[in-house]
Amino acid sequence: MGIPDDPAGSAPENFDLATMRVEYVEKDGCGDLDVDWLGDDPATGWLTLLQTWINDAWKAGLPDANAMVVGTVDADGRPVTRSVLCKSVDPDGITFYTNYDSAKGEHLAVNAYASATFPWYQLGRQVHVRGAVTKVSAEETAEYWSKRPRGSQLGAWASQQSRPIASRAALLEQLAEVTERFADLDEVPVPPNWGGYRIAPEVVEFWQGRENRVHNRIRVTGGRVERLQP
């Protein structure tokens with residue numbers, strides 16, 4: 001599984017994307033998403049609802065319940081997306097950490113605006129966020145860095161993220177080198193080119209799948225909340 005029988009051959013047997021379809025039904029048992037789920041103040045209610053949905057996904061046993069697809073735009077205006085882990089959700093926004101010299105870091109240096117989508121397919125839910133992006137403080141980065149497993153810290157040092165490399169063996173050799181370099185240190189320092197980005201939400205949209213594609217969509221823009229047609 002995962003490796004084609006013939007990489008240069010035809011598509012798998014009975015491969016028909018047009019007929020791949022799952023009918024959405026109520027999966028969460030909590031009724032239809034509506035504007036009142038955001039409370040009296042949508043400007044802050046989005047945060048509580050997003051935190052609740054992430055926690056629901058975690059309790060349901062979904063893998064990487066805090067994973068989100070982050071979209072950036074390169075210098076030529078071409079969009080790029082990738083999955084990353086959200087590591088903080090607070091009134092200021094949603095935060096993720098990465099190598100500042102990575103492709104997304106280069107994009108954000110040119111266009112400091114991004115989108116993020118949390119997809120929880122098994123629950124029939126999705127949240128989309130977009131807004132301006134800023135780097136978090138060195139102190140906040142250091143606090144999160146201290147919570148990462150040592151192996152993950154070493155991996156951050158070993159990888160020149162988004163840069164080509166000859167083979168996996170070469171990558172593991174780089175990891176071995178940094179492992180030896182920091183072997184005598186109790187704490188691995190934060191790489192100078194590594195840290196967090198925070199997306200300050202300008203728009204937050206909650207999506208809930210329903211039968212016949214008549215889905216529920218609630219959009220929050222500042223203090224304004226509105227239902228959108230699916």
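Backbone N, Cα and C atoms are what each Cβ position is placed from, and that goes for glycine too.
The feature substrate binding site is assigned by Swiss-Prot to R21, V22, E23, Y24, K87, Y144, R148, S152, R213, V214, H215, with sequence analysis given as support. DSSP assigns R213 (substrate binding site) to a helical segment in the three-state reduction. The Cβ of R213 (substrate binding site) lies under 8 Å from the Cβ of Y24, P230, each on the same chain and at least six residues away in sequence.
Here Swiss-Prot flags R82, S83, V84, L85, C86, K87, Y97, T98, K104, Q126, Q161, S162, W207, R217 as FMN binding site, drawing on sequence analysis. Cβ environment of C86 (FMN binding site): I54, N66, A67, M68, I94, T95, F96, A116, F118 lie under 8 Å away, each six or more residues apart in the same chain.
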Listed binding-site residues among R82, V84, Y97, K104, Q161 whose Cα sits within 10 Å of H215 (substrate binding site): none
Spatially closest candidate among R21, E23, K87, the listed binding-site residues, to W207 (FMN binding site) (Cα to Cα): E23
Other C-beta atoms that fall within 10 angstroms of the C-beta of E23 (substrate binding site): 9
In sequence order, the binding-site residues (R21, E23, R148) whose C-alpha falls within 10 A of Y97 (FMN binding site): none
Cα proximity to V84 (FMN binding site), best match among binding-site residues R21, E23, R148: R148
Fewest other Cβ within 10 angstroms of its own Cβ, chosen from the binding-site residues R21, K87, R148, H215: R21
